[in-house]
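As recorded in TrEMBL:
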ACT_SITE  Tyr128  active site, proton donor
ACT_SITE  Phe403  active site, proton acceptor
BINDING   Val87, Ser88, Val89, Arg95, Arg96, Gly97, Ile98, Leu99, Arg100  acetyl-CoA binding site
DOMAIN    9-158  domain 'N-acetyltransferase'
Amino acid sequence: MSVSTDNQITIRTATEADWPAIQLLDSTGFGFHPSSADKTLTRTLYRPEDIVVATEGDQVVGLAIEFDMEITVPGGNQLPTRGITWVSVAPTHRRRGILRSMFVRLHHHIASTGAPLVALTASDARIYNRFGYGPATVSESITIDRRFADFRPQAPTGSGVRITDAQTAATLLPAIYDRWRLVTPGAQRRPQAHWDFTFADPSDHRAGASGLFFLTHPDGYVSYRHRSDGSDSVVDIAEFVAINDDAYAALWRTMCGLDLVTRIEAEQHPEDPLRLMLTDYRSVRTTRRSDRLWLRIMNVPAALEAREYVADLDTVIKIEDPFLDSGGTFALSIRSGKATCRPTDADAKITMPSDILSSIYLGSHQARIFAAAGRVQASAPQEIRDFDFAFGTTRPAVMGYGF
Ligand SMILES: CC(C)(COP(=O)(O)OP(=O)(O)OC[C@H]1O[C@@H](n2cnc3c(N)ncnc32)[C@H](O)[C@@H]1OP(=O)(O)O)[C@@H](O)C(=O)NCCC(=O)NCCS
């Protein structure tokens, strides 16, 4: 089925013949020319029937891709999730409602799949709240002057790290990643095509830095690149995966043992313990804080019943969802970590829009902060305190890989 948004624009499912135009629109929107490795990755991951295009005559002027994903939620369940990527509207056709029309169509399809979650990453934080999406994982960019990174004696010593060549890394990393993502809220199942792209390590994705180096541990790994910045020798960590504290400490100790390196730059969760392992708390400097994974809850009861909680709770929440009209008022009862969530006619004790519930869902944000910002309402402050307490998590939410 195709839908016309105005006299000229048609919204429809893509066909094989649209690929060149899709590729051209994406490179124009995001400002890069895809290499043959990029094209292979794209064509392996996405099928034309998963792509919505907006066309005007023979031109593709809008596009969005929907694909299958699986995301771990607090407690370790994996939820079927639809991913959205490559959202792009031609600079010649901005602000005429093309994105909105594509999203209406995509989300009707997503609703029909029954997936309780949708995930995307956002180039601009102002776009997606209106569609019920909220930032659901937080990450910090950090920089460490490695020359002064001394570990406290109490920090786990950690051992078992090995220098690993790319060929061996390709046989070890996917299994370690998979064990990690199954215990990490926010982490996704990772397709083999992504791994193939990672290990192919195309030179036009290195931003002038070296090819990838790998360190492995039985319960974790690091991949990183070397580059120069003036007279400084810098290491950029591409991926740091640690299933437990020993692997975390062992890998960081090894990274900080790269004697000829001045600075290490990485992305980590704000709760990562590196700072607390070092004698100089200030030697890890946060240079940026950003959102990574954005989520939209499609089915409130299914999503809330799928995760685990850390305290009992009885409340009534009203979720407003003007975009899809899939909100409502729900009685939420939590006992021994498990929730039951049912529609109710009772008066709401806490009211919030769908994007905020989606932000809170993996544990990265608290209702009380949104309440302070005037974006969550409660019948009494204690309601919010109890809600936040129950929605706490024991492991920080982290996005697994960029998409
Ligand atoms: C972002 C982009 C897809 C928007 O497409 P568009 O067709 O112009 O968007 P629409 O006209 O359908 O706008 C939908 C709504 O989002 C708002 N909006 C869209 N882009 C916005 C932006 N960058 N900042 C703030 N609001 C934005 C519009 O004002 C509109 O609001 P309303 O419907 O509530 O009145 C397009 O500008 C683009 O392709 N940008 C470059 C690539 C990119 O950033 N893609 C997103 C990747 S995550």
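Here the Cβ of each residue, glycine as well, is placed from N, Cα and C on the backbone.
TrEMBL labels come from automatic prediction, so no person has curated them.
Between the listed active-site residues, namely Tyr128, Phe403, the fewest other CB atoms within 10 angstroms of a CB are found at Phe403.
The highest number of surrounding Cβ atoms within 10 Å, among the binding-site residues Arg96, Arg100, is found at Arg96.
Neighbours of the acetyl-CoA site: apart from Val87, Ser88, Val89, Arg95, Arg96, Gly97, Ile98, Leu99, Arg100, residues of the same chain with C-beta atoms within 8 angstroms of the site's C-beta centroid are Ala54, Gly62, His93, Arg94, Ser101, Met102. Neighbour counts were taken as the number of other C-beta atoms within 10 angstroms of each residue's C-beta; across the binding-site residues Val89, Ile98, the minimum falls on Val89. Taking only the Cα positions, the spacing between Phe403 (active site, proton acceptor) and Val89 (acetyl-CoA binding site) is 18 angstrom. For ligand 1, the nearby recorded positions are Val87, Val89, Arg100; that is, of Val87, Val89, Arg100, Tyr128, Phe403, these have a C-beta under 6 Å from one of its atoms.
For the domain 'N-acetyltransferase' (9-158), residue counts in helix, strand and coil come to 53 helix, 52 strand, 45 coil, using DSSP.
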